[in-house]
């Protein structure tokens, strides 16, 4: 090790940097909107279905973006994981409310804004997709099994209505989480502007919170209209 190497500060890995930046927002997300209701076992089926419909747009945008960057250095490592969460969510929605869910369940402005932000993140070198992959995929692998059990218990949902939490083709979620964390670190190792990716992580959580609140408010408004009609 040379003196120059010894004096050079070690750069924090992208996963740790995203975690530190979004920790407070993560806690806020768990305490806001429909997500808070789900974690308390108090969400309605209508609320959960509306959330799924709007998350479908976000996952679809992210998976299309990652697919376009299958040869981009760094992102190619993430593109290799074909999770197809959008497909799984679509299957859940069909099992929950029929094949015409796209026309019967609205895409809220907050859901459209979230999907649009991910589409923009895929532009250029696509490096901001790292932040969205961290937020969604690593989040699913960290807390998805807990959410699955809560939904199965509180709403009596069947396995075919909870396929988004299964990660088909990956039998061990603990191993997958470790591997995907490593893939994120590899994708972030040579970033030119890691700070902007970290800030995009904060943006992703902010958009998630806004969507969660919008879903809860929409369901409450529908219930209010139903009571007065």
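Quick reminder: no glycine exception, Cβ is built from N, Cα and C everywhere.
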Among 114, 134 - the residue TrEMBL places in the same heme b site as 26, 181: 134
Spatial neighbours of residue 26 (heme b binding site) that are distant in sequence (at least 6 apart) but have CB under 8 A: 205
For residue 134 (heme b binding site), nearby residues of its own chain (Cβ under 8 Å, 6 or more apart in sequence): 14, 15, 18, 184, 201, 204
